[in-house]
């Protein structure tokens with residue numbers, strides 16, 4: 001009889017704990033959903049403001065995504081903190097996840113951050129003749145992660161933005177006809193196709 005009373009109390013304690021945690025999980029889920037909706041609206045607002053300010057599209061997309069991811073991370077933190085009832089556990093879990101992710105994506109982040117700075121400072125522009133790390137070519141596109149160049153013989157050169165950001169660059173105006181060696185072959189092929197059609 002004494003044992004069943006002890007078991008009865010324990011079962012009641014377990015049920016009360018589960019019910020209490022269930023309510024905490026529900027509250028945490030509601031907080032996460034509110035932050036998720038807020039993140040969506042803030043991202044759209046940031047995109048509109050940057051479009052009005054004529055910020056480059058790829059920079060605007062990166063900033064809007066960073067804001068969104070930051071707010072979603074805040075929502076996850078709130079969910080874990082409310083659900084577990086302990087901010088230290090929630091913060092520790094998120095910090096461990098961020099640390100592990102950042103180790104795996106370190107080079108990718110470095111390229112995106114470098115691309116952001118290159119875009120903001122406009123140190124490299126389309127049409128510039130660029131020499132870096134033994135490669136030389138005319139810049140054809142500056143994206144967030146990489147910069148595309150056309151070499152002297154017409155080859156496409158892809159350079160990670162972190163290289164452009166950390167290494168010494170030689171930037172000058174491209175001479176006329178630079179990187180058009182492949183263009184002649186393309187013109188010959190076009191003329192050949194037209195003669196076949198006739």
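Using N, Cα and C of the backbone, Cβ positions are placed for all residues, glycine too.
Keep in mind that what you see is a predicted model, and the values were worked out from it rather than measured.
Sequence annotations record features per position, and here TrEMBL assigns domain 'Mechanosensitive ion channel MscS' to 107-168.
Residues or ranges marked as region 'Disordered' by TrEMBL: 178-198.
The transmembrane segment annotation in TrEMBL covers 23-42 (among others). Nonlocal intrachain contacts for the transmembrane segment (23-42), taken as residues 6+ away from its ends with a CB within less than 8 angstroms of a stretch CB, comprise 67-68, 71-72, 74-76, 78-85.
Within the chain carrying the transmembrane segment (62-82), a Cβ under 8 angstroms from the stretch's Cβ atoms is held by residues 24, 27-29, 31-36, 38-40, 42-43, 46-47, 50, 55, 89-91, 93-94, 98, 112, 115-116, 144, all 6 or more beyond its ends. Taken from TrEMBL, the feature transmembrane segment applies to 62-82 (among others).
The transmembrane segment annotation in TrEMBL covers 88-105 (among others).
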Counts of helix, strand and coil residues, the domain 'Mechanosensitive ion channel MscS' (107-168), according to DSSP: 21 helix, 24 strand, 17 coil
Segment confidence, the domain 'Mechanosensitive ion channel MscS' (107-168), expressed as mean pLDDT: 82
